[in-house]
Structures are given as C-alpha cells and as structure tokens.
Amino acid sequence: MGNATTVTEFILVGFPNSLEVEIVFFVVFLFVYLVTVLANALIIVLVYVDCHLHSPMYYFLSNFSFIEISTTSTLVPKMLANVLSEKKTISFAGCFSQLYFYFSLVAAEFLLFAIMSYDRYVAICHPLRYPTIMTGRVCNQLVLSAWVGGLLVILPSAVLRAGLPYCGPNVIEHYFCDSAPLLRLACTDIWVVELTDLVVSSVLLLGSLALTAASYVRIISTILWIPSNQGRQKASATCASHFVVVSLGFGISIFIYLRPPQMNSAHLNKILSVLSSIVTPLLNPFIFSLRNEQMKEALKRTLCKLLGMTKQVGNP
C-alpha cells in the first residue's frame with residue numbers, strides 16, 4: 001500500500017463560504033456539539049445514579065447515548081478545526097480512522113435499535129416473563145454483541161478501501177471522510193469495494209430494520225388487544241420515543257446509502273449527513289426525556305439531591 005499510494009493527506013471541502021459565514025457555522029456547530037454531548041451525558045449520569053432507572057430499557061438507552069456522543073465526537077471536532085483553518089486537511093491515517101470508527105458506531109447503533117425494539121416487545125407482549133428473559137447477563141451480552149458487531153461488520157470494507165491506491169486529486173467533497181466521496185478518489189477499479197459496501201449496507205440496514213419492524217408489528221398488535229384506553233396509552237408511551245428515534249435513524253441512513261446512484265448529489269449528501277450525524281444526536285435526548293415521565297422524575301430527584309447537598313455545604 002505504501003508503494004502504490006502517493007496521497008498522504010486529503011482536503012475536506014466542508015462548507016466553502018466567506019469567512020463571516022464560516023464563523024457563523026463554527027459557532028452554530030460548536031453550540032450544537034456541546035449541547036449534544038451534555039444532554040446525552042446527562043442521560044448516562046441519570047441512568048447510573050437513579051435507582052428507578054436501573055432497568056434494561058434505560059441501560060440500553062444509556063449505551064445509545066454513549067454511541068451518540070462518540071459518533072458526533074468522531075466528526076465534529078475535526079470539522080470545527082477545519083472550518084477556521086486555511087488548509088482544511090486530514091492525514092491519510094486520520095481519514096481512514098475517522099471513516100472506520102464513524103461507520104462502526106453507526107452500525108452498532110442500528111444493532112442497538114433492534115435490541116431496544118426486542119426489549120420493548122418482551123416488556124409489552126410478555127410482561128410476566130420479562131424479568132426472567134431480560135436478565136442483567138442477557139442485557140450485557142446483547143450490548144456487547146452490538147458493539148463487537150459494529151466493529152467487525154465495517155472492518156472488511158475499511159481494510160479494502162485503505163488498501164486502494166490514491167494518486168490524486170485528494171479533495172473530498174464533504175466535511176468528513178465519507179465512504180462514497182473518498183472512494184471516487186481511488187485510481188483503480190473499485191467494483192469489489194462497491195460490492196462489499198452494498199452487501200454490508202443492505203444486510204446491516206435492512207436486517208436490523210426487519211428485526212425492529214417485526215418487534216413493532218407484534219407490539220402494535222398486542223396494544224390493540226388491550227381492553228382499556230389507559231392501558232393502551234401506557235403501553236404506547238413506552239415505545240413512542242423509541243419509534244420516533246428509530247424512524248429518523250433508519251429513514252435518513254437508508255436514503256443516503258441505499259438510494260440509486262443517479263440520485264447522488266454532493267450537496268444533498270452533506271445536508272443529509274448533517275441531519276444524521278449532528279442534528280439527530282442533538283434531538284434524541286430531548287425526544288426521550290420530554291416524552292418520558294420517568295426520565296423527568298429522575299432529573300427532578302437528582303436536582304433536588306444536588307440542591308440539598310449544596311445547602312448542606314453552604315450551611316455546615
């Protein structure tokens with residue numbers, strides 16, 4: 001690979017504009033990034049410190065929040081550094097590291113979607129067996145499978161892509177090392193990598209979507225048979241937030257990575273990627289917290305504890 005590769009760094013075009021507009025982009029994206037990290041970190045802390053949230057549902061949610069923090073942290077800091085930089089470059093190794101970890105985290109997120117859907121299916125369709133099915137050991141194994149699966153499923157494609165010769169130009173029409181724009185810079189036949197990408201994307205996206213959809217079909221059919229309106233509303237409330245987040249995640253990603261080549265547009269890809277990798281991680285913690293009474297109550301209890309500790313320190 002060292003003999004065939006002449007490109008040692010790539011240029012990330014990002015959002016080319018005047019300096020004033022780029023400063024506005026920097027401030028907006030920095031604010032969004034900080035809020036995203038803080039909001040998702042708050043969910044992780046609440047799940048850890050509040051005993052009322054020590055359940056499989058919130059355990060999976062805390063892992064989902066950690067993935068959201070990791071995903072945005074893989075892209076946004078480098079993007080912010082490039083917004084105000086003249087060179088806007090990323091090293092060869094840095095580019096492929098960013099690509100691998102970003103798509104591994106996205107893959108883990110889709111697998112976690114399916115796991116969270118299964119958890120809701122067991123909770124609603126088999127409530128009496130739920131404690132014996134979703135044990136702590138089973139939950140740990142499911143989460144571990146999502147993380148390991150995400151890291152492994154992207155590895156073949158990343159290795160193949162890193163082994164291609166890149167002879168120039170080295171300009172990536174994106175704000176990060178996305179798969180398709182990077183692949184277009186290779187100066188060799190890329191059909192093997194494209195086929196691998198198609199297979200991996202189809203199996204990952206459509207497979208996890210099928211498992212998620214199957215769980216929700218059973219959930220909806222069970223909810224419809226609940227005799228009381230209060231019971232139906234309570235069961236629906238536990239799934240509503242997750243359903244919204246899953247719909248956003250799958251919808252945007254399928255449109256980006258599985259749509260026909262003739263519909264590809266660099267500008268549209270950047271907009272959709274911003275929605276997927278920056279905006280959605282910002283919205284997800286608010287979707288979960290605003291629609292979840294237990295999360296609201298946990299936040300109130302934690303704030304009351306903190307205020308009580310503050311008063312004790314102030315009045316020894």
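Cβ from N, Cα, C; glycine included.
Look at TrEMBL and you will find 23-48 (among others) tagged as transmembrane segment.
Look at TrEMBL and you will find 39-288 tagged as domain 'G-protein coupled receptors family 1 profile'. In the predicted structure, the domain 'G-protein coupled receptors family 1 profile' (39-288) carries a mean pLDDT of 88.
Here TrEMBL flags 60-80 (among others) as transmembrane segment. Residues 12, 14, 26, 29-30, 33, 36-37, 40-41, 43-44, 47-48, 90, 94, 98, 101-102, 105-106, 108-109, 112, 115-116, 119, 139, 142-143, 146, 175-176, 277-278, 281, 284-285, 288 of the same chain, all 6+ positions outside the transmembrane segment (60-80), place their C-beta atoms under 8 angstroms from a C-beta of that stretch.
According to TrEMBL, the transmembrane segment annotation covers 100-118 (among others). Tertiary proximity for the transmembrane segment (100-118) is limited to same-chain residues at least six positions away from its ends with a CB under 8 Å from its CB atoms, namely 57, 60-61, 63-64, 67-68, 70-71, 74-75, 142-143, 145-147, 149-151, 153-155, 157-158, 176-177, 179, 204-205, 208-209, 211-212, 215-216, 242, 245-246, 249-250, 253, 277.
Below 8 angstroms of C-beta separation, residues 56, 59-60, 63, 96, 99-100, 103-109, 111-112, 115, 179, 192-193, 196-197, 200, 203-204 of the same chain, each at least six residues beyond the ends of the transmembrane segment (138-160), sit close to that stretch. According to TrEMBL, the transmembrane segment annotation covers 138-160 (among others).
Sequence-remote contacts of a segment are chain residues at least 6 beyond its ends whose Cβ falls under 8 Å from one of its Cβ atoms, and for the transmembrane segment (203-227) they are 107, 110-111, 113-114, 117-118, 120-121, 124-125, 153, 235-236, 239, 243, 246, 250, 253-254, 257-258. The feature transmembrane segment is assigned by TrEMBL to 203-227 (among others).
Annotation comment: TrEMBL describes 239-259 (among others) as transmembrane segment.
Nonlocal intrachain contacts for the transmembrane segment (271-290), taken as residues 6+ away from its ends with a CB within less than 8 angstroms of a stretch CB, comprise 29, 32-33, 35-36, 39-40, 42-43, 61, 64-65, 68-69, 71-72, 75-76, 102, 174-176, 178, 241, 244-245, 248-249, 252-253, 255-256, 296, 299. Here TrEMBL flags 271-290 (among others) as transmembrane segment.
Beyond the transmembrane segment (239-259), the same-chain residues lying 6 or more positions past its ends with a Cβ under 8 Å from any Cβ of the stretch are 106, 109-110, 113, 116-117, 120, 124, 179, 201-202, 205, 208-209, 212, 216, 219, 269, 272-273, 275-276, 280, 283-284, 287-288, 291-292.
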